[in-house]
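These notes are about the structure you will find just below.
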Amino acid sequence: MGKKSRVKTQKSGSGAAAAVSPKEMLNLISELLQKCSNPNSTPGREWEEYVQIRGLVEKIRKKQRGLSVVFDGKREDYFPELMEWCKENGASTDGFELVEFPEEGFGLKATREIKAEELFLWVPRKLLMTVESAKGSVLGPLYSQDRILQAMGNITLAFHLLCERADPNSFWLPYIKTLPNEYDTPLYFNEDEVQYLQSTQAILDVFSQYKNTARQYAYFYKVIQTHPNANKLPLKDSFTFDDYRWAVSSVMTRQNQIPTEDGSRVTLALIPLWDMCNHTNGLITTGYNLEDDRCECVALQDFKSGEQIYIFYGTRSNAEFVIHNGFFFENNLHDRVKIKLGVSKSDRLYAMKAEVLARAGIPTSSVFALHVTEPPISAQLLAFLRVFCMNEDELKGHLIGDHAIDKIFTLGNSEFPVSWENEIKLWTFLEARASLLLKTYKTTVEDDNKVLEQPDMTFHSAMAIKLRRVEKEILEKALKSASDNRKLYSKNSEEGTPLPKYEASNIAFVENSVADSKLPVVLKSLDDEEVKLQEAITISEITENGFLNDKDLLPNGTKSENDSFLAEDNQQETGNAKDFCS
């Protein structure tokens, strides 16, 4: 989170582009909105659409050159002011300092010994930028009228940030001046750097992120120019794409969920000082103390004086880190690759499979994950694959009979196979699927290693290549695991090994050995996509206002199967208004 800015943004008023007529700009904005509001692009033509959208954005950026607002000097010049501001307003500032590290950029360095689980950092609510503080700001009147802002807290925070940045008297200015001028998310990649992500499992999310950001910008550009409640916003005379990209990136890399003051629900917040901590493997050690009304963080481990203080951001994959945080984390224990699976409606046994899956709380089509750790599949994916590969008799056994419910509960437990034949089928299927996915890449792991040795490799290019390399490494591990399991269960079948037996009365309490999951599966939170089905704005409402042509677009989140409360970046916000921005 403390990653330094690498490229200097042009200062307002210096070398500004020639004046562009409002009509000319509105025409370009309308063209961009129309292009970004088209239905899903034809499979295989996503790159073509991305290049077209990018071309329009670059035209707009060229005409807006020199109009973006940035601060004089370097962000680190404002660190003393940030520390003083935090101290004056009740945040902890003792025991650490803000410094630049060789690998991660800016972060917190311990100035004394800090013990594991010691409370070393707290930030009171008054310092946080939240959706609630946005409602009470100059943005409030527009927020009260705009359905998109109401539905999407992350966009509200982005505009809150922009408005406060433009106000020389803003309470949060000491914080805002320490934010990077630019970020390392794919929104800042050039076209050649994005090319390195071609054929990866993450590329569609990269395309979607860019398309969504461009659409949001075009929509709000028109809102700011035409909506009566936007008249007093300090953005009316200058709202550039670079401004919006900076704001959404600041929020995307930093936003967290905190409880509202009464504790009845959660809201999004930017947390000054705390968001300078960089990530490492571990456990969530940040929470919110409602009694003292402040965000608190205890030490993840012992830190000696002079060492960098790390926190754990949550169980994110490297695709999520690259797309939403702008860095690649080596040796990520929670890394995974998305895999889309579904039962075909043309399957003769579709109805029975759908019913068994429904009883287990699993949809017939979803996005799962292959994990870097062993075993590579979660309890939910194991359950899905077992049902996917069941024959008619096995399906009947899970639908009718005295022990049908017990069998549903064991679907996600690796210790209780449905049958040896079923187990062989599912691992054979997974082996074939992983093999097919590997064949979609244009390079091998060895090829990627050679490219990474090139001395002129840009930071963004290296990050993209590392991501595509680790995807292949995960798929190769999954392929080997599937092959080993297929051979094991084939041997059990050939030798006539009896299936493991279980006590029906105790089955719901059996701990699952797959991905640290526990039964029953039906009580587990399954998948990324389920969260995104919540809709705050219907398709009909959007089309009536001309935001979309006829249907919603792909989700832009890469949310994991398991979420953390405070340290996750709340990509569900995008899902809450998926018709507009997903």
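A Cβ is built for glycine as well, from the same backbone N, Cα and C atoms used for every other residue.
When Swiss-Prot records R75, E104, G105, F106, D275, M276, C277, N278, H279, N325, G326, F327 as binding S-adenosyl-L-methionine, the matching candidate from R54, R125, R254, R294 it lists for that site is R254. The record assigns R75, E104, G105, F106, R254, D275, M276, C277, N278, H279, N325, G326, F327 to the S-adenosyl-L-methionine site; their largest pairwise CA distance measures 20 Å. Compared over the binding-site residues R75, R254, the count of CB atoms lying within 10 A of a residue's CB peaks at R254.
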